[in-house]
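*Asks:* My structure is below; once you've seen it, I'll send some questions.
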Amino acid sequence: MMFCGSSNALLPHFIASIPRSHREEGFSSEGVVNFSLLSNGSLRTSSHYLFGLSNRLPTSIGHKVGRDLSVRRALADTTTMITVEKEIENLGIFDVDPDLKEYKEHFAYRWKRYVEQKALIEQHEGGLNEFSKGYLKFGFNRVEGAIVYREWAPAAREAQVIGDFNKWDGSKHPMQKDQFGVWSITIPDVEGEPSIPHKSRVKFRFKDFNGVWVDRIPAWIRYATVDSNKFGAPYDGVYWDPPPSESYVFKHPQPPKPESLRIYEAHVGMSGQEPCVSTYRQFADNILPRIKANNYNAVQLMAIMEHSYYASFGYHVTNFFAPSSRSGPPEDLKYLIDKAHGLGLRVLMDVVHSHASNNMTDGLNGFDVGQSSQDSYFHAGERGYHKLWDSRLFNYSNWEVLRFLLSNLRYWLEEFRFDGFRFDGVTSMLYHHHGINVGFSGNYAEYFGFDTDVDAVLYLMLANDLVHQLVPDVTVVAEDVSGMPVLCRPVLEGGVGFDYRLAMAIPDRWIDLLKNKDDSDWSMEEIVWSLTNRRYTERCIAYAESHDQAIVGDKTLAFLLMDKEMYTGMSDLEPASPIIDRGIALHKMIHFITMALGGEGYLNFMGNEFGHPEWIDFPREGNNWSYDKCRRQWELVDTDHLRYKYLNAFNKAMNLLDEKFSFLSSGKQIVSSASEEDKVIVFERGDLVFVFNFHPENTYEGYKVGCDLPGKYRVALDSDAFEFGGKGRVGHDVDHFTEPEGIPGEPETNFNNRPNSFKILSPSCTCVVYYKVNEDAEGEEELEKQERTMDEVCA
């Protein structure tokens, strides 16, 4: 937030809005604290706060902190301001991007609040580590000889726990409320057995301030089910505490963090071939081997958090700690993750902390009965609703919201052994306008002004701080369309702390080209710009298409390229039509250049690797609740006489190329040519040379391409190879010897700014990758090993 010339520059927004005279009358300084950040990221504090709490009984620690302590801190803590100013000067983000110094006031404000928030958590909760263990305290937890149930509901006047175990008679189990608005009850065992049996239904019943009793699913419930025989029935909370004989025991260690990510985005429910909801075990046994065979090293699971509306694609979460019961019980999800680990696949979870379902009966929203924002998980009034998503928006400044969301991340990491997260809807979190009807030009004022929701930014900093402490090898990806700077820089540098961001503009570029321009009108420079337009030192996950492009009303790239001819022209028993020929060629090229030039990681949505036709349409009233378009037609790629196998084989090969050469993790990325006349793009990534000929007709013989290193080059991957459905025009046994270019020491005299070059055959609508033969390798055995590696990639 930029406060140019404002005397309120370092005041929290809710204090800065109070007239100064009222602030001086109502508050006074009663203590000073010094903060400094140790090299390991922990906080060191000296002195302490003298709280001087008001007589008003706080409803939560956050209530107390927000209404009393932060006011005193912001008004008179000059020592802290001086310390923060020194820290700000040394933040690494200014070394990476000096232009950010213009917005130093914003970063000073943000950093000060982050440091203070961590100090408060340290003081009141014992630190971020303890604070994030909320799931071991809230909800239902076993203790010696009893079950303890806790729920934060400060707006409730009375509360009870009900369920099958007490025949839904809440009078038998009234709960007690503490000064922070937390209701609790200890339910002793009966004859040595838990009073609440495993798998029995439970709910939280409370009386609101209007005296009305309401029943809600516990906020921290770990399993929720619905009666499938009752159309439109709400979900029930289920007490989940399996005995040792039924508890899943993990067998495999979590794979180490790879140099580069090759992510397979998947939805378990729609992963099967049959028109029905698939299970975790079916996915584990049938789909994971496919993912591994195609040389991906991570699978990203969508729709894991429970959501009562299936067609929401998992993004309207109702129960944040419950795996979706549609696909099976929690133990089966653990089986899936463990099996993935056994295959060497890391598992990322699509986590939704940007909003929540507005369902009252079976969602977190049911705890909002019109109380103030301080007593709710969500903002009050219009600020608490996302008008496009029809969902509720979290109040990230609330203490108990922070506990809930941070504990949620820890729960999935520790209980299920996820290897990381893809944070959904980050753009909506970062800005008060949520990105609605806002175009981002890249002007820094768009990111560091009054539109920035600093509370949400602080939550994301805390979240990334936490998960990287808990699991040093964790991977955290942000879905942000705005391009906010330093989103993917470490928290200790002043960044938000994500490891990667999704390169969300790339799919839009391909859709625009395919819908609005002839092949001959494609601009090579525009393609290169779209693929390389990303922030230096902030890693991106590139993708040509994801689930967003496959949803009903849109088209996959394969369908944009080949449309209805996919229904009749994909048989390999007949010659390919020009539309199919072009479609298969460009499908390979678009996906591969996106991978090779678009980022430091790559993502593919389930089925797109083989050109899955048609869109995804979840069962809904408009399609008579059909599952026909909510599945994956694996038989298409498994049928040997259909051309889908060629797209799949190429997808497998391009992933293997990265596995062998690690070009995605290489910092060397040089585009030497983007010829508009030839429609050819030439670039180097790592020590590989990539040549993409997008011309719809022209094949070039003796085409000169620039390179860095002198020597002998051979084909590493060829999209025109027969095994990929091509015409086999490029010889794979040809050696390409380089020639020096220009005058040594004078780069301007080189060929396309490269000191060496070699000549190739570049057929139309193809991409070919060349590797430098290591002629210094000792003996024929090493040379043969190189050749076997290339044969493996091309095969």
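The backbone N, Cα and C atoms fix where each Cβ goes, glycine too.
Bear in mind that TrEMBL entries carry predicted annotations, made automatically and left uncurated.
Annotated active site, nucleophile per TrEMBL: Asp424, in sequence order. Summarising the annotation, TrEMBL assigns active site, proton donor to Glu479. Per TrEMBL, domain 'Glycosyl hydrolase family 13 catalytic' is recorded for 276-643.
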*Asks:* Measure from the Cβ of Glu479 (active site, proton donor) and count the other Cβ atoms within 10 Å, all protein chains considered.
*Replies:* 20
*Asks:* Tell me the Cα distance separating the residue listed as 'active site, nucleophile' from the residue listed as 'active site, proton donor', rounded to the nearest angstrom.
*Replies:* 5
*Asks:* Starting from the Cβ of the residue listed as 'active site, nucleophile', draw a 10 Å sphere and report how many other Cβ atoms land inside it.
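*Replies:* Neighbour count, Cβ to Cβ under the 10 Å cut-off: 23.
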*Asks:* For the domain 'Glycosyl hydrolase family 13 catalytic' (276-643), provide the mean pLDDT of the predicted model.
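*Replies:* Averaging the confidence scores along the domain 'Glycosyl hydrolase family 13 catalytic' (276-643) gives 97.
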